Amino acid sequence: EGRVGESCDVCSSSVGFGDECEASCDWQVDCMGRGRCTGEGTCECHEGFSGDSCEMCASGGYGPDCEEPCVENSTCSGSGRCMGDGSCECHDGANGPACDSCSTHGYGDVWVGACGA
């Protein structure tokens with residue numbers, strides 16, 4: 001009772017999961033309001049969102065609605081990769097929140113690739 005699927009292995013409710021379908025999944029909390037809970041206790045993210053809890057933007061944006069653009073050449077000074085939360089993952093030799101500083105043995109402007117050993 002309370003299960004669906006070929007092998008009755010999925011909870012019929014979108015909010016219950018577990019052996020007895022007793023555990024709950026609150027889409028506003030567990031999926032951050034960016035997806036829906038599945039019968040297996042995971043989140044199925046709405047378009048534009050990703051991650052186990054729909055906590056990341058799928059690509060190219062960030063912010064509460066993933067509508068803020070993250071452009072690597074400006075947001076990350078051309079020396080890093082935009083992450084789904086608006087932060088930058090800097091390439092080797094660059095650091096700082098916007099990847100605009102040389103980490104060691106560097107000189108010049110990071111955005112023209114002048115950081116190096």
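Don't overthink the numbers, they just go from 1 along the chain as shown.
Yeah, the Cβs are placed from backbone N, Cα and C, and that goes for glycine too.
On a predicted model such as this, the values are computed, not experimentally measured, just so you know.
Lifted from TrEMBL, the feature list:
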{"type": "DISULFID", "residues": "C21-C31", "note": "disulfide bond"}
{"type": "DISULFID", "residues": "C45-C54", "note": "disulfide bond"}
{"type": "DISULFID", "residues": "C66-C76", "note": "disulfide bond"}
{"type": "DISULFID", "residues": "C90-C99", "note": "disulfide bond"}
{"type": "DOMAIN", "residues": "17-55", "note": "domain 'EGF-like'"}
{"type": "DOMAIN", "residues": "62-100", "note": "domain 'EGF-like'"}
Mean pLDDT for the domain 'EGF-like' (17-55), as a whole number?
-> 76
Residue from C45, C66, C90, C99 whose C-alpha is spatially nearest that of C31 (disulfide bond), among the disulfide-bonded residues | C45
Could you measure between C90 (disulfide bond) and C76 (disulfide bond) for me? Cα positions, answer in whole angstrom.
-> 8
Ranked by the number of other Cβ atoms within 10 Å of their own Cβ, which of the disulfide-bonded residues C31, C45 ranks first?
-> C31
Which same-chain residues, if any, lie at least 6 apart from C54 (disulfide bond) yet have Cβ under 8 Å of it = C31, M32, R34, G35, C43, C45, H46
Where C66 (disulfide bond) and C99 (disulfide bond) are concerned, what is their Cα separation in Å, rounded?
-> 21
Alpha-carbon distance [C76 (disulfide bond); C99 (disulfide bond)] in Å | 5
Where does C99 (disulfide bond) sit by DSSP, helix, strand or coil?
-> coil
Residues near C76 (disulfide bond) by Cβ (under 8 Å) yet at least 6 apart in sequence within the same chain, in sequence order, are C70, C82, C88, C90, A98, C99
For C76 (disulfide bond), the three-state class that DSSP assigns = coil
Which listed residue (C66, C90, C99) has most other Cβ within 10 Å, given these are disulfide-bonded residues = C99
